[in-house]
Amino acid sequence: MPRPPVVARTLPALRRALDDLRRRNATVALVPTMGALHDGHLSLVRLAKRRAAKVVVSVFVNPTQFAPHEDFGSYPRTWKADVAKLAAENVDLIWNPDVKTMYPEGFATRIGVDGPAIAGLEDRFRPHFFGGVATVVGKLFLQVRPDVAIFGSKDFQQLRVVTRMAADLDLGVKVIGAPTIRERDGLAMSSRNVYLTPEQRQVAPTLYRAMKETAKLLKAGRSAEAALAAGAKMITDAGFALDYLEARHAESLAPVGSIKDGPIRLLVAAKLGNTRLIDNVAV
């Protein structure tokens, strides 16, 4: 039987648990999550175990990164299953605060983000999002004080924003991006995939196929404008409502015009019915 992780729900309990973990100067890795864990999350946990002696997983559905019309209330919450999965991975500590612990009455301080990493893409459609992400991740870093933190590359713009924030604010955390984990048909694993109907689930992998085709055209020398137009047509022809398909510099996230401006990352967001999916691939 796997050893159940310690669960902390208050800051004093978290500090006591962290003091125990850090005996003999053990290194600590943090994997921030919103729960509803799948194999993609567990791949982050496994990478964390390779990068540090002790692993902390936070499970907190952060209300400040949801707009009023988004799915905060219906976001999947699978606590018992999450704990069982983390126990099977021998996670040392689960940090599971409630909203009042993270945002007590009178809370008035937020982290703002700026620069090319936030320009366009998700910020255009969810202007509240990265302020909420930066604030909650900044708090998690200060609460846990990990040596390393593991984030999935599926949320690539988020990864770049968090990496920049940790460096700019001298938080002393090494942010590591882990590869996107995909289903056999190429669909990126996501907690929101449960919203897809069976018919939509059959269509959803088109998003990944369209990005691969766009990358192929870029590598063949087509301009970003032409390659992106071809990829966008594949996506909309499949029934998606496309928010964006863009080619950006993989480090700065500045827009690019051709393969010569690389390294390039393709980033996409589109809605299939009521479900919004995001993904990205390297070129």
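Heads up, residue numbers simply count up from 1 along the chain you see.
Cβ atoms here come from the backbone N, Cα and C positions, even for glycine.
The structure displayed is predicted, hence computed values, not measured ones.
Per Swiss-Prot, active site, proton donor is recorded for H41. Using a 10 Å radius centred on the Cβ of H41 (active site, proton donor) and all shown protein chains, the other Cβ atoms total 25. For the recorded site, H41 (active site, proton donor), the DSSP three-state label reads helix.
If you take the C-beta of L37 (ATP binding site) and look for same-chain residues 6 or more apart in sequence within under 8 angstroms, you find T78, A81, D82, K85, L86, S191. Among the features that Swiss-Prot reports, ATP binding site is placed at 34-41, 152-155, I181, 189-192.
In the three-state DSSP reading, Q65 (beta-alanine binding site) counts as helix. Summarising the environment of Q65 (beta-alanine binding site), the number of other Cβ atoms within 10 Å of its Cβ, over all protein chains shown, is 21. Annotation comment: Swiss-Prot describes Q65 as beta-alanine binding site.
Counting only same-chain residues at least 6 apart in sequence, those with a Cβ under 8 Å from the Cβ of Q158 ((R)-pantoate binding site) are E122, F130, V133, F151. DSSP assigns Q158 ((R)-pantoate binding site) to a helix in the three-state reduction. What Swiss-Prot lists as (R)-pantoate binding site is Q65, Q158.
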Inter-residue C-alpha distance, H41 (active site, proton donor) and Q65 (beta-alanine binding site) (nearest angstrom): 19
Where S191 (ATP binding site) falls in three-state DSSP terms: helix
